[in-house]
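First up is the structure itself, then whatever we jot down about it.
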Amino acid sequence: MFKLPRYNSPMTQVVLVGFVCFLNPGMFNALNGMGGGGQMDPTTGSNANTALYCTFIVFGIIGGSIVNLFGVRWTIFGSGFTYALYSGSYIYLNHTQKGSFTIAAGALLGVGAGILWAAQGMIMVSYPTEEEKGKYIAIFWIIFNLGGMLGGILPFAINFHSEKKSLEDGVYIAFVILECLGAILGLALCPPANVVRDDGSSVVLVKYTSARKEAIEIIKLFLNPTMLALIPMCFTSNFFYGYQFNCVNGAIFNVRTRGFNNIFYWGFQMVGSYFLSFLLDKQEWTKRKRGLIVFGIVAVFFNAIWGGTLKLQLRYTHGPSDNGDTDYPGGHIDFLEHSRAAGPIILYLLYGVGDALYQNFAYWIIGALTNDNQKLSRYAGFYKGIQSLGATVAWQLDAKKVTFMHQLIGNWVLLGISLFPMFYVVLHLKDHVNDAVPDDDAVAGKEYVADSDEKVSV
């Protein structure tokens with residue numbers, strides 16, 4: 001007979017945080033994927049994304065310390081409302097055409113997103129046992145991307161019969177409601193000190209020994225040759241969003257088709273991630289062999305989709321914000337125009353596959369460097385920080401009206417630059433059983449902390 005998992009089991013908690021991300025970052029991804037936040041003119045959306053990733057750079061790195069101070073539940077709860085504020089700001093933009101509030105909301109969202117992803121990362125690293133991490137990550141990834149799919153269905157359904165070139169207020173209101181629910185759901189998380197694995201062991205999160213030590217370790221990241229070699233990979237990993245969302249989806253498709261495309265963009269993320277997991281977890285191969293085979297797949301696949309994009313880009317130069325309407329032959333594409341829509345839509349959903357392949361492989365490379373959870377948390381923060389720096393530059397290029405062709409060339413060149421150091425790092429990977437040995441403080445009866453008010457001694 002089917003038995004529901006315990007409330008205080010790691011699986012239940014990971015599913016809960018998955019649904020928090022389903023309702024918060026998942027909805028944000030769907031809105032962002034509409035191009036310009038669903039607006040005819042993407043300038044405000046691009047500037048808001050620039051502000052968002054500027055603050056994300058900082059709070060992605062220091063978010064872990066904030067979570068340690070205030071606890072997982074309350075940080076996720078507060079962070080979730082920054083997503084709702086951002087979506088709601090577009091209602092104000094619809095009625096006033098003034099973008100300052102949306103840009104400010106974007107900057108605040110960068111703070112909330114950095115903290116939320118730090119909390120989510122702590123749960124994902126600390127709750128499952130070593131042999132279950134792959135399964136837990138896959139479950140989280142599927143739930144999270146289902147949010148992007150649902151977020152694509154909403155504008156597609158609400159704007160199905162609308163001729164407007166920007167999203168209706170009703171779409172933004174729906175996003176705000178869902179994101180508020182996501183924030184509240186954060187309070188349903190069990191205090192980490194009460195989470196018990198199936199083998200009876202308790203889950204505890206190690207409190208950093210001191211702010212000074214953590215500051216030193218963060219500085220060391222920028223002196224670590226391997227992490228320096230991975231900077232191009234980190235920088236590139238979200239860089240393509242600005243081009244794909246605004247210069248393709250937002251430029252050549254009508255509003256309802258943008259939502260239609262989003263459904264499959266995020267849906268095919270799950271397909272790409274699921275496919276890659278079989279290769280990355282294939283224990284018959286050495287870690288280096290797995291990495292080199294997947295590297296080859298990622299390199300060939302991404303070059304192929306940029307090649308297909310070049311063929312598409314040669315057919316137009318601008319979207320609706322530049323000259324009143326797109327110059328794509330025949331005007332905006334509707335998904336019902338099968339002969340016109342098939343090729344560009346297939347290319348766009350392949351972007352989703354490529355995103356999943358690249359980012360999952362990037363996370364796998366970082367995870368392959370060590371099994372030490374404290375090191376991995378710093379590596380992940382480094383990854384998110386440099387990733388946000390790349391996204392900041394990309395969205396500002398779009399806001400400054402850099403031509404679509406130049407943005408495409410920039411993306412393709414950055415991909416090429418990132419592949420060489422990625423190959424070098426993968427080539428030098430070594431198999432290791434488990435080097436996740438706690439430091440002296442962690443085994444000497446020192447105090448651990450699972451939540452701000454839940455201290456445990458071991």
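From the backbone N, Cα and C atoms, a Cβ is placed for every residue, glycine too.
Features as listed in TrEMBL:
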type: TRANSMEM; residues: 12-30; note: transmembrane segment
type: TRANSMEM; residues: 50-67; note: transmembrane segment
type: TRANSMEM; residues: 74-93; note: transmembrane segment
type: TRANSMEM; residues: 99-125; note: transmembrane segment
type: TRANSMEM; residues: 137-158; note: transmembrane segment
type: TRANSMEM; residues: 170-190; note: transmembrane segment
type: TRANSMEM; residues: 221-243; note: transmembrane segment
type: TRANSMEM; residues: 263-280; note: transmembrane segment
type: TRANSMEM; residues: 292-310; note: transmembrane segment
type: TRANSMEM; residues: 345-366; note: transmembrane segment
type: TRANSMEM; residues: 408-427; note: transmembrane segment
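Using a cut-off of 8 Å between Cβ atoms, the transmembrane segment (12-30) and the transmembrane segment (74-93) share at least three residue pairs, counting only pairs 6 or more apart in sequence. Here the transmembrane segment (345-366) has Cβ contacts under 8 Å with residues 141, 230, 233-234, 236-237, 240, 244, 248-249, 257, 260-261, 264-273, 276-277, 280, 291, 294-295, 297-298, 301-302, 305, 308-309, 312, 333, 335, 376, 379-380, 383, 422, 425-426, 429 of the same chain, all six or more residues outside its ends. Of the ranges 50-67, 137-158, 170-190, 263-280, 408-427, the one with the most Cβ pairs under 8 Å to the transmembrane segment (99-125) is 50-67. Per-stretch counts of Cβ pairs under 8 Å to the transmembrane segment (408-427) identify 292-310 as the leading one among 50-67, 137-158, 170-190, 263-280, 292-310.
Remote same-chain residues near the transmembrane segment (221-243) are listed as 32, 46, 49, 351, 355, 358-359, 362, 365-366, 369, 378-379, 382-383, 385-391, 393-395, 397-398, 404, 407-408, 411, 414-415, 417-418, 421-422, 424-425 (criterion: CB distance under 8 Å, separation of at least six residues from the stretch ends).
Most Cβ pairs under 8 A with the transmembrane segment (170-190) among the ranges 50-67, 74-93, 137-158, 263-280 are made by 74-93. For the transmembrane segment (263-280), the list of distant contacts is 26, 29-30, 33, 134, 138, 141-142, 145-149, 151-153, 156, 249, 290, 293-294, 297, 345, 348-357, 360-361, 364: same-chain residues at least six beyond its ends, Cβ to Cβ under 8 Å.
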